[in-house]
């Protein structure tokens, strides 16, 4: 069965998945607030961030959300974590959620500490859980656009919703694996961005592959510990939503979070680094939320804490590195 899909958010990530869904035979209407972007997409049939990619005819665009929702059998969002609440609030004013809503963004809301899926449930109410889905995993947008092989996970509370979303996204090169631990999938995608900033700092100081692999491994330990205390399955974090996404983000040349960390090591301030990148660096905001939650629950997360202190307490990076290296070497899995 082919879907009629409203895709909310036409940044590079949103466009890459909208393009994938259209190439998979679905009718897709992409929505964005920016009328100039919508006009360019509609007239030139090229995305400014990917001008080499031709847009299929069954992918259209609008800056009016009600037009995107007309006849939709599925809604997919691809906005920033900060944009999640206002976009879903606008969506709630236009429709009650009676079709699958697939979250593809990764982050934790500032101030509230809510996962993006929890924001959706707060806005639409607990009964909406039956329609909620979450897609995550190692998936660099530019590679998805090129049709490179990619493996991700999709999670949902309702088995029928899970099957419908799985069927919509699955292609010969975009492998979609079901996972029933939605909260674990969401946390893995959010927390890995903080570890990626630490890996970028390591890159900036040219500490080498040994140091970076150590950060990834100990970072995964932090993520898994945090998620387990939050009620998630540890195995979820050992898979694509945890280890897989963490590896891609920390080692990819296209990772904003890793680049951000590298720029910090080169002497830029956080604000200067964000300006130079010119796009949202989710790990900056997740570091604050994760630190607040970890402090409340007394979860020891030394790498995450160090990144937080560098960003929000003006901790000298060299001092932060020294503090990490001076920690006791406990039994590895404790």
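Glycine too: its Cβ is placed from the backbone N, Cα and C atoms.
What Swiss-Prot says about this one:
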BINDING   13, 33, 106, 141, 256, 280, 282  NADPH binding site
BINDING   106, 137, 139, 192, 245, 255, 256, 257  sn-glycerol 3-phosphate binding site
ACT_SITE  192  active site, proton acceptor
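Features per Swiss-Prot, on structure.
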residue : record                               : DSSP (3 states)
13      : NADPH binding site                   : helix
33      : NADPH binding site                   : coil
106     : NADPH binding site                   : coil
139     : sn-glycerol 3-phosphate binding site : coil
192     : sn-glycerol 3-phosphate binding site : helix
255     : sn-glycerol 3-phosphate binding site : coil
280     : NADPH binding site                   : coil
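With a 10 A radius on its CB, residue 257 (sn-glycerol 3-phosphate binding site) counts 27 other CB atoms from all the protein chains. Of all residue pairs in the sn-glycerol 3-phosphate-binding list (106, 137, 139, 192, 245, 255, 256, 257), the one with the greatest Cα separation is 16 Å apart. The number of other Cβ atoms within 10 Å of the Cβ belonging to residue 137 (sn-glycerol 3-phosphate binding site), over all protein chains shown, comes to 23. All chains included, 28 other C-beta atoms sit within 10 angstroms of the C-beta of residue 245 (sn-glycerol 3-phosphate binding site). Cα proximity to residue 13 (NADPH binding site) (within 10 Å) is found for the following binding-site residues from 137, 139, 245: 139. The two recorded residues residue 255 (sn-glycerol 3-phosphate binding site) and residue 33 (NADPH binding site) have their Cα atoms spaced 25 Å from each other. When every Cα pair among 13, 33, 106, 141, 256, 280, 282 is compared, the largest distance found for this NADPH site is 23 Å. Distance from the CA of residue 139 (sn-glycerol 3-phosphate binding site) to the CA of residue 33 (NADPH binding site) is 24 Å. Rounded to a whole number, the C-alpha distance linking residue 245 (sn-glycerol 3-phosphate binding site) with residue 280 (NADPH binding site) is 18 angstrom.
In the structure shown, the C-beta of 192 has more C-beta neighbours within 10 angstroms than that of any other entry among the binding-site residues 13, 139, 192. Neighbour counts were taken at the CB atom with a 10 A radius for the binding-site residues 33, 106, 256; the maximum falls on 106.
By neighbour count, meaning other C-beta atoms within 10 Å, the densest spot among the binding-site residues 141, 255, 280 is 255. Within the same chain, residues at least 6 positions away in sequence whose Cβ sits under 8 Å from that of residue 282 (NADPH binding site) are 80, 81, 106, 107, 190, 193, 256, 257. Taking CA atoms as the reference points, residue 137 (sn-glycerol 3-phosphate binding site) and residue 280 (NADPH binding site) are 19 Å apart.
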